[in-house]
C-alpha cells in the first residue's frame, strides 16, 4: 500500500497540471529573481554560474520534490520564470523553455546539472548555488597546492551550518577541468570526504554551495563570499586568516607559510634536502601496528555480518559486494586458500552474506592488501567511528609534528594500504582530536602497490613538486623504502615499538620519533 501511494504521489507530482501549479510557478519566479540579484553581486555575470531550487510542497517528501533549474549560457539578469527548466527528482526533464529569436541561443539546461544532482542526492539539499564570484576564485589561488580553505574566529562563520565563532571552517578545493560535467566525480568525492561541509571550491573557477532551503543556501553563500573576501584582504595585509589571533603570516627561510619551506641547515652545518612534501605511512609510522591488528581488523571481522545485513540494499554495499564478487572469482581461479564461491543474488540475502563473510574473514586472516577488502573495511569502520565504538590512535609525537609542518608550509600526505576513507576516519577521530586539518590528501593502493616504484612516481606527479627529491617518505617497511628511493624520493625508516626487524646494513636513515625529523 505504501509503495502504491508513493508511486501515485510521484505520478501526481509530474503531471502537466502540477507542472503548471502555484508551487512550481512560484519557484520559477523565485529563481529568476535570484538570478537577477546574484548578477548584481557578480556571482553569475558573463552567463556563468547557476542556481537550482527544489519545489517546496508540504504534501510531497523532499526526495520526491521537483527541481527547478536555471539555463546555461544566458544573460542571468534578464531571466524570467518561463526560462527555467523543471526536472524530476531523478534529474529527467519534465519541462523546457521555448526557443527565443536571434540573437538568443537555443535553450540549454545548466552545465552544472550533474553536480547539482550530487548535492541533492548526497546531502538532501533544498537548493544549490554555483557562483563565479571573484573572491571564490581568487581565494583558491593564494596557495596553489592547498586542497582546503581554512578560516577561524570570524563572526560570519556563524552563518555556516554547524559552525560557531570559535570553530574552524574548512572548505575542500577541487581542481578545475575544461568542462563543468567533468567535475562531477571530484565534487562527489569532496562531499563524501568532508561530511560537515556545505560547499566545495573549484580552483580558478568558483564555488558550489547548498542548503536545506533556498534561504539557507543564499545565506550561506553570502557568508562564504564574505569570508573569502576577508581572507584575501587579510592576506594582502600580511595577516593569517587561518589562526585565531589573525597575526602576521609566519615566515620561514624568507618565505611565508603560504609557500614551501626552503632547505634547512642541520646541527652539523650541512644543508638538508628542501622538502616541499612529506608522505607518511600509517602502520608502524604514525600509528602502532597493534592498533590495526588488535583493534581495527577484529572490529571489521566481528561486524562484517551485521554491517552487510543492515546495509545490504544500499547502493554503497551493493558496490562493495560487486567488488568482492570480482575478487573472489579471481581468487577461485588462482586457487587462493579460503576463497569460497558466492551464490548469485537470487539465491537469497542470507546465503550471499554467509559466503561473503567467509571470504572476508579469510582475507583478513591472510592480511591481504586488496581494494575489495579495504573498501568494505572502511565502510564498517566508518560506522564504528561515528558511533564512538572506535577511536583512532597515533603516537604522542605525531600531532605536534603535523602542526609544525603545516605551519611551515610543508604539505603532508598519507599513503597507506588502507582505503582513503579508512585513513580519513583514523585521523578524523584520533585520541588527539581531528588531525585532518594538517593533511593535504590521502593515497591508497588505487595509486599502486606500496612496494612498487611506479606508485611513488605517480604520487610525485600528483603532489605538485618539481622533482621527487622534494618529497620525504617515512615508512617502517624496508621494501617500501627501497621502492620510494628508486623513484627518487628522500626516505626515512620509522623505528617504533612492535615494528618488524630491518636487514643489516639497510642504508637508510632511521628515526624513533617525528621530533627527530
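The backbone N, Cα and C atoms fix where each Cβ goes, glycine too.
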Which candidate from 56, 163, 179, 205 does Swiss-Prot annotate alongside 130, 132 at the Zn(2+) binding site? 205
Of the candidates 437, 450, 454, which does Swiss-Prot annotate as part of the substrate 2 site that also includes 416, 417? 450
Among 111, 444, 466, 476 - the residue Swiss-Prot places in the same Mg(2+) site as 281, 283: 476
On a C-alpha basis, identify the one among 112, 155, 416, 417, 450 that is nearest to residue 281 (Mg(2+) binding site); the candidates are the recorded positions. 416
Using a Cβ cut-off under 8 Å and a sequence separation of 6 or more, which residues in the same chain sit near residue 112 (substrate 1 binding site)? 50, 52, 72, 128, 130, 180, 208
Using Cβ atoms only, which residues of the same chain lie under 8 Å from residue 450 (substrate 2 binding site) while being at least 6 residues apart in sequence? 281, 369, 415, 417, 475, 477, 480, 483
Cβ neighbour count (within 10 Å, all chains shown) around residue 476 (Mg(2+) binding site): 22
To the nearest Å, how far is the Cα of residue 283 (Mg(2+) binding site) from the Cα of residue 155 (active site, proton donor/acceptor)? 40
Within 8 Å of the Cβ centroid of 281, 283, 476, the other same-chain residues by Cβ around the recorded Mg(2+) site are 282, 284, 285, 286, 287, 289, 416, 475, 477, 480, 494, 499
Around the substrate 2 site formed by 416, 417, 450, list the extra residues of the same chain whose Cβ is within 8 Å of the site's Cβ centroid. 281, 282, 283, 369, 415, 418, 444, 445, 480
